[in-house]
Structures are given as structure tokens and as C-alpha cells.
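Encoded as C-alpha cells, the structure appears first; notes follow it.
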Amino acid sequence: MGCGSGPGGMVPRSVLIVVIAVTQSCPHAFVLHLTVLTRPAAAPPTAITDMLEGKRSAFSIVSLKAKKSFFSSFSSAASASAVLDPFLPATSNKRSAFSIVSLKAKKSFFSSFSSAASASAVLDPFLPATESAAQGTTFSPAPLQPRSFVSALVRCRSPAEIKKVHALATTAAMIDNLGVANKHVYIYAQHGALADAYALFSRMKERDNVSWSVIVGGFAKVGDYANCMQTFRDFVRSGLRIDNFTLPFVLRACRDTMSLGLGVEIHHLVLKAGLQSDFFVSAALVDMYARCGDVEDARKVFDRMPKRDMVTWTVMMSGYAECGNPKESLALFDRMRGEGVVPDKVTTVTVAFACAKLGVMHKAKMIFDYISSLNFSLNVILGTALIDMYAKCGSADDAREIFDRMKDRNVITWSSMMSAYGIHGRGREALELFPLMLQSGIRPSRITFVSILSACSHAGLVDEGRQFFHLMERDYSIKPDVKHYTCMVDLLGRAGKLYEALELSEKVTLEKDEGFWGALLGACRIHGNAVLAEKAAKSLLELRPRNSGYYVLLSNIYANAGRWEDVAEVRDLMASRSLRKTPGWTWIEINNETHRFGVGDKSHPQSKEIYETLKVLIEKLESAGYVPDTNFVLHDIDEELKAGFLYTHSEKLAIAFGLFATPESTTLRITKNLRVCGDCHTFIKLASSVMHREIIVRDAHRFHHFNRGGSCSCRDYW
């Protein structure tokens, strides 16, 4: 304590006075009021009473350490009062203000702060600024005003500091001020202290729309969607008019919980309140509908919006891409640019994702050129999205070029590049990336091993797959999950090791998902094992009874085995459940346009030329040794009809169109929504050799690169 000698003995030059009270509602906090008592003194200031030049808050005059030391120097409350009482006004009951609470409470108060800065953050707003030391002031408490509490709350860095301000507001009866109470609830929520926020909210005598918006938004922010929605219901019942602050929060909760039904009900409230034209509410509705898979209603709201921001455009494009309509997503991107809206990086990532879904190379190049014109740097997120886009549009080399240009790469980037090589049948190159990743300091993750094992499966690298499967737990402490087991079952099953795959599946203690049984059923189809297929199909149909693809796959296995009665039984089961087989479609890119064909399709404007070209092509291929494999016609009909049916598969029609619609030596790029059949695979190998064309086919599982030598990148392993 700073003391100087003078007439009458020890006279402090400047003493920090703290008036402390313990409230019943907040016993953990002690501060009530601070002020400064300054008196001129002849002696120089000490560490406690240093006055800094210029305007400084009273509490920041000395360090926290000095304050703690100051109170610790007293052995009892009596000794502290003996020194300080002469400078304090007496209270109504003739007790000094400083003696209201014990010395222990005073020490506890200052000890609760971790630093002087944190103490100052809470207390400074309540203290009057002081002038230089030469200007003495008389004892004058700082007035307590709502803005002082708001300022103090903004500076709080933890719930503990908020509670100290809350205690002061309660003692000063300022917590009854609606603005102060709302700010308390908001700051509690910002720091994730929802229990404290809701406790205060529930005790508030008066609430307005801000109060409800803050607490609903707080629950939404921490993911407590049940309380978010329940509180919103209470808000609606309160009689207050819903507004554009609260609605976006509860719509976000509907989005994140996929509660489309509740979202529709809230949309009705929006219409009733006349807020359908509000920008923030409309944007939240578009987001909710799109993420819940209802792109039609999302588009209706989107089209009615008087204005749209970048986020709304991006959400709508993402919704189309996620719901299997990437073509419309890219059409929206073109429309957005036509309206003069310049996309940001998030939007370009979404567009790259949509293009990857569509698998159209000329669109991929256009998007990359546009992104380059914006001078966007290839950060981790954008670069990884472009790697995925090029890989799924048919060019692992372009994907690798993007990968090599990136300055920063994370584990997702490395895993995406490995996956890119995998789906193109370049498993060895995928494995070569693994040691390079380790050398760069990146540790593999679960996703990395899924990419590696999948690459091994596509390339038939059984021994390498086994090695990586075992080292992931041994060397990296990553316990295999159902996705890793699925990759191993797929790898073993494709290689003909069905019983090893079954043995592995029986060892799996994890819950087997759709992908796991689908991999096993696919392996059974490749190798014609109807007995094991029935076991896998039964499990699949229990998981996904509405997926027609599994019924068709089982039916095809029965058909290959000549079990036509079982085929009929499966098809009757499909009919009874109103399930239809997914039709096969093939798309081909010609002059930056995409053309679609179905089996036996004659709807194309150049259908006559297509069938004439196909006839000539078949004759050339038959001269080269092509014989239709009628085992892939899964109908109980004669061989001649089966051959005729095979000749009009959609892949063959698309290739015939590409041959006469493009110059010689042009690479043909086609996409099939289902797995390419064995007969078409043989047909395309011979066509690429006889016609001297490179043909790239993307089917439902992988890419097939047919070179002019008549071989495929899959090595007939798909």
C-alpha cells in the first residue's frame, strides 16, 4: 500500500476503494462498485498508488498482482479497516463500507481473475476515467447506466466473467432493464452457456422479439434442436408477431434435422405473417427445402425472391447437384453469371462438385478456365474440388496437374488424388502417392485407407490390399470400420475369392451396411454364385426394401444360373411392391453438347444415320471375331432375339453416333448410369481397335479407358 508521511502520520496519496457485496442470487460473484479516492500527498507514489499519465481507467492504475498483494498484506478484516476506514464514508448503520464483507471475500474476488486484463474487462465500464495524478478528485461513485453493463458484457471472455457482471446487474436492479437482460442472454449464448442463458430468460419479467430470437438462435447454434424448436413454439404461443430474426434460426434447425414436415408448417407461418418477400426468411426457406431434398419447393421460393445473394444462388445450385440434377445446377450457374453476379470461391467449389456429378469434360474445362480468369488461388478446398471434378470427368492426368500446382495439401487432397487414380484403374500410381504423403508430413486418415483399398480393388491388387488393410491398425492405430471391410470384400470378391470374402464378413462385429452387402452381392454376380448371392440379397432387401437395383441384380444372378422360376418370383415381388427397374441410359459429348440414348432408342433426329453406322460397325467387328455374348440378355427367349437385343444397347448406339458425328481420331467420351455389361465391354474393346479411336466410358462404378490397341484400363476386372 502506498503511504507517505505528512501531518498527522500515514496519509495515502491514492487509494483504490472496493465496495463488495454478496448477492443471494449470484453468491459466486462479489463486485458491486468501484471508485477512486485521491488526496494530495507529499510523498512519492508507491507500486499500489502509481498514477499513469493521460486518461486511464481507475481499475487499470495498478496491476492485478499488486491488488492481490494489497489485500493479502492484511492479517484480518479489522487491520484492513483500521487503515482504510478513515477514507470511507460511514454507512447508515455506522459500519465502514469496506467492512461489509470479510477479508476472505475480498481476496477471493481479486484471485478469481486470471489476469489484470480480464479483471479490467469486467470492471472498467463501471469506473470513471481519471485524469493525471496532479488533478485530485473527491470521493464520487461512478453512476451505473445500462450502457455500462452492455459495454462490460461485450468485454467478457468467459461465462465466469459474465456472471460477475450479472451479479452486479442483479444487485443494482439493472437486470430488470430489458436491453441489459437481453444482452446478458445473448452473451451467455455466445459463450455456449445455454443453461445460464435460459435460466435468466425464464426469469425475465418482460420479453420482446429480441429476447426470443436470442434464445432460439442460441439453442440452434449449439445444436440443441429440440429446445430450439420447443422454445420457438412457446414464442408463437406468446402472441408476439414472428419476425425475420427468429425464423431463420428455426428453419436452420429444420434443415439440420431434415425435418421437412416441420419446415413446411413454418413456411405456412411465414405466409400468414406476410414475410414471404423478406430476403432473410426466403433465403432460409430455400436452404431448408434444398437440404431436405425438396428442390422443387426450393426453386419456387427461389424464383419468387425479389433479390438473391451469393449464398442463395450457391444453396440452390448445391441442392440440384445433391439431388441428382447437376445439369440444372450448371444452368443456374450460367444464369447467375448472366445477371452479373460474380461467384466467390465457395460458389466455384459447388459448381465444380456439380460438374463432377455430371461428368462432362467440356464443362469441366470451361469451369476451370472461368475460375482461372478470376485469379482464384488454388487453396486446399478449391484445389481438392477441382481434382475431384477432373477425375470424375475422365482425366486423371488433369487432376494430377491440379494436384501438382497446389502449394498446400491436406490429407483430403492426397486421398482425393489416390481415389482419382483408383477409379481410372491406375492402382499402382495411387499406391506410389502413399510414401510421398508420409514424406510431406501428412499422416493418413480413415479416408486415405478407403481410397487406397478402393484403388487396390479396381486394379485387382489383392496382396497390396491385404498389406494396407493390416498396417492401418498396426502402424497407424486406425481400427477398420465398415467402409474398409466393404473395400476388402469388394477386392476379394472381384478376384474370385468369394469364400475368403464371406469368412471376412463373418468376422466383422460392426453393423454391416448397404455398401457392404452390395459389394458381396456384386461379387456373386461376377462369379455366378447364386447360393451366396441369396444370403447377401436377403440382408440387402431388409436394409433397403425399396431399392429396385438389388432385386434386378438377384434376378440377373438367377437368370445366369437358368433358374427362371426364381427370376419370375423376384419380378413378381417387385411388381407387388410397385418397384420398377432403373432404365439404362448412355450420354455422349459431341461438340460441347450432350446426347442421350436408351436401349433400342430411335428418338434422336439422326436416328437413321446412327443405325446405318451401327450396322456397318457390327459387320466390321464380326469380321474381326466379335460374337454377341447372349448370357447378358437375361430373358428366357431364343438366341437370335437375344443377339438382336444386344445390338441395340444404349452404349452401342452412342458409339455409332460418335463415329459419324466427329472427325477421325477424335476421342469419344460416354457416360452410362448403370454398370456396363460384359458384351458391351467386349464390343467397345474391338470397336476402339478396328476404328482406331480412344473411347472413355464412365459407368456406375469406374472409368474404362479403351485404347486403340483394343485393351481396357480395367484389364477386364470390373
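Including glycine, each Cβ sits where the backbone N, Cα and C put it.
Annotated domain 'DYW' per TrEMBL: 625-718, in sequence order.
In terms of DSSP helix, strand and coil, the repeat 'PPR' (208-242) has 26 helix, 0 strand, 9 coil. Under the heading repeat 'PPR', TrEMBL lists 208-242 (among others).
Proximity of distant same-chain residues to the repeat 'PPR' (278-308), defined by a Cβ-Cβ separation under 8 Å and at least 6 residues beyond the stretch ends, is recorded for 244, 247-248, 251-252, 254-256, 258-260, 263, 267, 270, 315-316, 318-320, 322-323, 325, 341. Taken from TrEMBL, the feature repeat 'PPR' applies to 278-308 (among others).
Per TrEMBL, repeat 'PPR' is recorded for 309-343 (among others). Among residues of the same chain six or more beyond the repeat 'PPR' (309-343), those with a C-beta under 8 A of the stretch's C-beta atoms are 279, 282-283, 286-287, 289-291, 293, 295, 298-299, 302, 350-351, 353-355, 357-358, 363, 374.
Marked as repeat 'PPR' by TrEMBL: 379-409 (among others). Remark: secondary structure over the repeat 'PPR' (379-409) totals 23 helix, 0 strand, 8 coil, with classes taken from DSSP.
Note on the repeat 'PPR' (410-444): residues 380, 383-384, 387-388, 390-392, 396, 399-400, 403, 450-452, 454-461, 464, 472, 476, 478, 702-705, 712-715 of its chain, located 6 or more positions outside it, place their CB under 8 angstroms from a CB of the stretch. Annotation comment: TrEMBL describes 410-444 (among others) as repeat 'PPR'.
Residues 345, 348-349, 352-353, 355-361, 363-364, 367-368, 371, 416-417, 419-421, 423-424, 426, 440, 442, 669, 696, 698, 703 of the same chain sit 6 or more residues outside the repeat 'PPR' (379-409) yet have a Cβ under 8 Å from a Cβ within it.
Note on the repeat 'PPR' (208-242): residues 178, 181-182, 185-186, 188-190, 192, 194, 197-198, 201, 249-250, 252-253, 256-257, 259, 262, 269-270, 273, 275 of its chain, located 6 or more positions outside it, place their CB under 8 angstroms from a CB of the stretch.
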